[in-house]
């Protein structure tokens, strides 16, 4: 609760800096403020509580995930200064939107009432529509923004209709009340329809097959920093919210629902990986890779009572690798028009450290040992085997092997091809963010129990 | 108010809302003019608002009506952002036909 209020306060403060003409101070102060909020969030970890008639439920789950979101936002805000170098007059708007987006994200994982859930999802989405089309002179960014807007508000409409039917069946928006009622009485047919509609809307938001078609276009067209935000923060938020929603609203999942999750998960992994193999644009490739990772993350829904630690671990490993990879992409493609793979030729000779970081983060996403991604997949598969979904695990392992194919395409381009231009200087902040993110990722791999036992 | 609801029946309200919602969905899927697509999204959201109010009366519970205020505010914010995106597209392309937006493919 205090976390949420502090984040919104920081966002407003950020807008006030614009008025007082203190733009240079914005990024350092916001980073310090977010670190303080992270401390506040940790202090809430041990004090589970509910606020405003169960509107917000603060507990281990919400504060664990909020901590991850705040860390990711710190990285994204620190990257902003260099990225918006030519738009210094608008920097406070960009930062403020990112902070309000974080407020939406925190509201989404700590909801106790469907009204809060809906408001959180809308705050997050509207902020993302603005960021996706924020490069207003580029027609690609406009197109990405409009596509994201249309798909996103369409999905919001479906979620709203689902919430309405659930309310009609139960007469309440409170999730604990709904889950109690759903066990006892004879239910109207509207209730399962409502649950299915909300589930479909959330699959839109996390870009799982068959609702993934917007993701590659939007990721490719948006400014690179927004793509980084979407593929790390927004995806993690949506998955965590879906997990919490399914966990609180229907704790004992029926076999038919499990079958749907298995099918969606297999389809997401396979389609994402196979489509990623033939991409030449790195952002587009990472979009498809994100779709396949959404499939992996959905596997946690199958053993829902005990997999929240695994989900936090998987999402942290994925998001930290994503941040490291995107800070290298931001550096390489800063002066380029597009993000084609040819821009990465010879990076291993020009800038060995950046090439090594990108290699490490891609290996983590592919699931090679030492990095966090490997252990995340290990624990995930372990839990799926314990829940007796052997076939799903076999397909998931095959998919991990396929994914190595396209990650290595990029790695080979960096190390075996000749560089097509001379070295360009690296801003230190890109180095710092990339190194810290990848070090955190490796630390996750070395000390997995730290995060796994959090929830 | 409850008498009217009893006479008409909550099912009819649901059918009306579903029909309106589907009109909105098909508008989004088939119309190519961005403004009409926006209007279709508004129809979807307003169909839901209607159903919220009907359910609120059905349950004799004010929560549903309060939720309508939230969803109206959200819809207004969403359309404001959408129209801003549309204006910048019109400045770049000189048209708001969705079929012209084909730069991103692969």
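Every residue gets a Cβ built from N, Cα and C, even glycine.
Per TrEMBL, the stretch carrying the note transmembrane segment among A:120-142, A:189-211 is A:189-211. Per TrEMBL, the range carrying the annotation transmembrane segment out of A:93-116, A:429-452 is A:429-452.
Contact between the transmembrane segment (A:255-274) and the transmembrane segment (A:387-408) holds: at least three of their C-beta pairs are under 8 Å, each pair 6 or more apart in sequence. With a threshold of 8 Å between CB atoms, the same-chain residues lying at least 6 positions outside the transmembrane segment (A:286-305) that come near it are 206-209, 212, 215-216, 218-220, 227, 231, 235, 239, 242-243, 246-247, 251, 253, 258, 261-262, 264-273, 275-276, 279, 311, 314-315, 318, 322, 325-326, 365, 377, 380, 383-384, 386-387, 389, 392, 396, 399, 403, 406-407. Scored by C-beta pairs under 8 angstroms, the transmembrane segment (A:55-79) has its highest count with A:311-332, from the stretches A:146-169, A:311-332, A:353-375. Within the same chain, residues 114, 117-118, 121-122, 125, 128-129, 132-133, 178, 187-188, 190-191, 193-202, 204-205, 211, 214, 217-218, 221-222 sit at least 6 positions outside the transmembrane segment (A:146-169) and bring their C-beta atoms closer than 8 Å to a C-beta of that stretch.
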